[in-house]
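Below is one structure, written out as structure tokens; comments come after it.
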Amino acid sequence: MADTTVEKLASEVGKSADRLVEQFSEAGIKKSKADTVSESEKQQLLEFLKKQHGGESAPTKMTLQRKSVSTLSVGSGSASKDVKVEVRKKRTFVKRDPAADAEAEAAAKAEAEVKAAEEAASKAKADAEAKAKAEAKAKADAEAKEKAKASAAEKAKPVAVTAEEKAAQDEADKLQAAKDTAAKAKADEEAKAAAEIARKLAEENSARWAEEEKQRKESEKTGDHHVTTSTEARAAEDTADANAEKRGRRPRKATPAPAAAPANTGKGKRRGGKDNRRDSRNARGGRNARNNRSVAPESMDHAFTKPVAAVKTDVSIGETVSVSELASKMSIKATEIIKQMMKMGSMVTINQVLDQETAQLVAEEMGHKVVLTRENELEHQVLADRDANIQAESRAPVVTIMGHVDHGKTSLLDYIRRAKVASGEAGGITQHIGAYHVETDNGMITFLDTPGHAAFTAMRARGAQATDIVILVVAADDGVMPQTIEAIQHAKAGGVPLIVAVNKIDKPEADPERVKSELSQHGVMSEDWGGNNMFVHVSAKSGEGIDELLEGILLEAEVLELKAIKEGMAAGVVVESKLDKGRGPVATVLVQEGTLKQGDIVLCGLEYGKVRAMRDENGRAIKEAGPSIPVEILGLSGVPSAGDEATVVRDERKAREVALYRQGKFRDVKLARQQKSKLENMFANMVEGEVQELNIILKADVQGSLEAIADSLNKLSTDEVKVNIIARGVGGLTETDASLAAASNAIMIGFNIRADAQARKVIDAESVDLRYYSVIYHLIDEVRNAMSGLLAPEFKQVILGLAEVRDVFKSPKIGAIAGCMVTEGTIKRSAPIRVLRENVVIYEGELESLRRFKDDVADVRNGMECGIGVKNYNDVRVGDQIEVFETIEIARSLEE
């Protein structure tokens, strides 16, 4: 491991560098901030800090005593006798000192060095002796050979040895002896040096070695049989020993061999040898030999290693997923997701359902790759099983009429249809989407009439989505209004061509040029001014310009080249739906492709069913409907939402499965969105007092009106009063609705519907507030007034009069009487007062007496003198002012 500096070490341990330098200095190590620190210096500092903070005060030795009692049967003649045998065991656990371990390691190292030196010396000495012996043997062999040669030569040719040859031989012998002596002396010197080194090491370490030998013998006497110093390993060994003793045998460990058992004497010799026979049988591999296997763990290391980096995975997320499921997919704990979402501003629980968008944000924030999946493959298969290879044909255009309220949209359509429709709408305004188709000389046109009131924004948006052409009706005498601008925005958002019908052109105050100018400010330019939008001047009253408008619609449709599949399975969109008491759920469907036939299986949003009956916009029964034809269908399982897609499928069972799946998913997604409790909203709700709630049960005739009213009522909510729609639905008011209203103290609102007989009984018995409406204006106004009554009242103090104290008199009954002159307003006896001294309020109370001359009076007007007695206050002085006031309540309204 690379050495680190003092400054880096200080940052790692969370201390200041100066403090760490001081601690090194106290431990006897001189360091500066830039110096490097080795591992040995770190260990030295750690041991110093442990000693300084009492780290060695922990017990180093613990002795446990164990006692067991067993019964031994001893034979005595023909009878046997049971003898209780008590076995006492004593075991001492020693915590080894790291310092002692280090010293023992150093001693072992030194001893090894001494042994190595001794071995080297003995080896050198042995080598020298072996070399000397070898040389002596070689010399003897050489001499023997020379003698043999000489004798042979003498035998062959006896020659007298001269004196010179003998002298040379003697000289060679002397040189060889000198070499042998020098080699032997050198070997002796090396052996003496090695012995001297060993002697010095022995003298230096003899005391320490004696102490270590003494400690070792004591440790063996105490019976510490642990093989390892690890705390966990020791505990495992103890557990293994206890289990072994329960099974009636000793564990096999690295312990000395047991001493031979003493021979049994006396009559119990055979009986007493029973245990020995069992032990010998176990040793031979008998029945209990399996239990003699060592159970002490060899290592306490775990196989798991902590990952060095976070694992990034591909997370597949469906439409909804719970927090626990998302955590499982990301291989993390659910608490990590909860923490992350709290950082993002949302509080969730482990079982809470998240929508797909939220789960995607969380997963991407935590570094994972998200794969969005569609869980319902059945739905995909059912909708994909359509008629193929069918040629598209021309179809009639679908035209939506939009505009501001009372600009004549329905009257214009009424003239086109030659029927009075506007008179049938409550208040003369359209509150539903009306779908009609009209046959002209040049072809068929389907019209959708949308409401113009501000509350019907969603209905107008649906009309723009399902349409091919938008006719924007603008009154020539009124100009561009808010809903006119909104209709332009809907048309632009849907990418639908716009035709402007300037209505009421027959009025004297009509100003079509003003309409063109105002519309040009919103991006609608007339063809006369170089734009792309057709402007037609019409009059719904006289019929002026109607033919030109129809021709313009058909011309625009021809340019668009509208086509659709005429034959095959139908598909369309729900433009309106309602619950009819006699017919059940009724949906108005605009067929967009294919042919819808009676008996078809229709999957419509969250609902499904077989088409039992079909009716056109005039109420006539029909058997089939082609593209661009609006039709009412009966037979659905429930009331679908306006805007849902209606699709004909082949199998009713599969349609039911898809509808149930959609309902479950819709419920989960709705719950996931409702449960989002953001932190900022939590803190915003922590205010003093409670928010007043107006509970409402809302029922309407059609789905579109229900949505519009609910949205308008929710917009009335303020910080002090909140509209709480506890139940809503399409159809008449039932007994269940009345019971719920009574239990929740809610008001019941019916829009174009009535309560049945059972509901009226509950309403009368419980005195439930029931209100019927047919015009949305009146409904919203009355709810606003009801909410105004729930607002906390405001109080205001009004000063009635002011009197100046001119003199002070004493009365035996009342006390101090102030003689005053009324300078402003009127002094009333019943009103509360304040006493002012130098324009500072010093007392607030009420009058006890008000007199003019000697008579008690109720009030005294401006400019008159009077006597005033203040109740429970006698410190009235000349120059004080007495102010009379009253508190009035100010009514509040939501328009404030």
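Counting begins at 1 with the first residue displayed.
Here the Cβ of each residue, glycine as well, is placed from N, Cα and C on the backbone.
Ranges compared are 428-432, 653-657, 733-737, and Swiss-Prot records region 'G2' for 428-432. According to Swiss-Prot, the feature region 'G4' maps to residues 503-506, out of the candidate ranges 483-486, 503-506, 519-522. The DSSP breakdown of the region 'G4' (503-506) into helical (H, G, I), extended (E, B) and coil residues amounts to 0 helix, 1 strand, 3 coil. For the region 'G4' (503-506), the residues of the chain that approach it from at least six positions outside its boundaries are 407-408, 411-412, 473-478, 512, 537-542, 544-545, judged by C-beta separation under 8 angstroms. Per-class residue totals from DSSP over the region 'G1' (403-410), listed helix then strand then coil: 2 helix, 1 strand, 5 coil. Mean pLDDT of the predicted structure over the region 'G1' (403-410): 78. Its Cβ placed at the centre, ASP406 (GTP binding site) has 15 other Cβ atoms within 10 Å. In sequence order, ALA476, PRO512, HIS537, VAL538, SER539, GLU544, GLY545 are the residues of the chain that are 6 or more apart from ILE505 (GTP binding site) and have a CB within less than 8 Å of its CB.
The number of other CB atoms found within 10 A of the CB of LYS409 (GTP binding site), across every protein chain shown, is 30.
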